[in-house]
């Protein structure tokens, strides 16, 4: 049996922490789909097209990876594509409470889908897309927190 997992998120922007979780999950599953959530009620800095482009460029050459977008509930997307696992990265204990509650609801909605929690590597445990955007808005360097293409796009977008 093939083990297919999805790694869902808004990835606005993609960070080195996201890449850490992704690369480690590729060692655990036969295939991983990075599933970019499209939420018309949520305001994003980067368009879905920009986020797709960043992820495609940064992950070129990674085996066992697919990139897609989805709307609606994550578990519905899992069932649509035949995924049996959802990957979630945890930076700190505070992430766990939120993610655990969501995983319990997901289990009620889709008993066939498991949530797999991966702890962030220490050097990425403080990185979040929200923090990266805030630091970049104040003109500070975020080049160690995001891939180069994302860092350049952040500077350009925030200087407009």
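Note that Cβ sites are derived from N, Cα and C of the backbone, with glycine treated the same way.
The substrate binding site annotation in Swiss-Prot covers 10, 42, 74, 88 and rests on sequence analysis. As annotated by Swiss-Prot, ATP binding site applies to 10, 11, 18, 89, 90, 91, 99, 124, 125, 126, 127, 128, 129, 130. Annotation comment: Swiss-Prot describes 18 as site 'Transition state stabilizer'.
Features recorded in Swiss-Prot, as mapped to the structure shown.
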| residue | record | CB count, 10 Å |
| --- | --- | --- |
| 10 | substrate binding site | 17 |
| 18 | ATP binding site | 25 |
| 42 | substrate binding site | 9 |
| 74 | substrate binding site | 22 |
| 88 | substrate binding site | 23 |
| 90 | ATP binding site | 17 |
| 99 | ATP binding site | 16 |
| 125 | ATP binding site | 16 |
| 127 | ATP binding site | 21 |
| 129 | ATP binding site | 22 |
Secondary structure at residue 88 (substrate binding site), reduced by DSSP to three states: strand
Nearest of the binding-site residues (18, 90, 99, 125, 129) to residue 42 (substrate binding site) - Cα to Cα: 129
C-alpha spacing of residue 74 (substrate binding site) relative to residue 125 (ATP binding site), in angstrom: 24
Residue among binding-site residues 90, 99, 127, 129 with Cα closest to the Cα of residue 10 (substrate binding site): 129
Residue 99 (ATP binding site) and residue 74 (substrate binding site), distance between Cα atoms, whole Å: 13
Secondary structure of residue 74 (substrate binding site) (DSSP, helix/strand/coil): helix
Cα separation, residue 88 (substrate binding site) to residue 99 (ATP binding site) (Å, whole number): 8
Distance [Cα-Cα, Å, rounded] between residue 88 (substrate binding site) and residue 18 (ATP binding site): 10
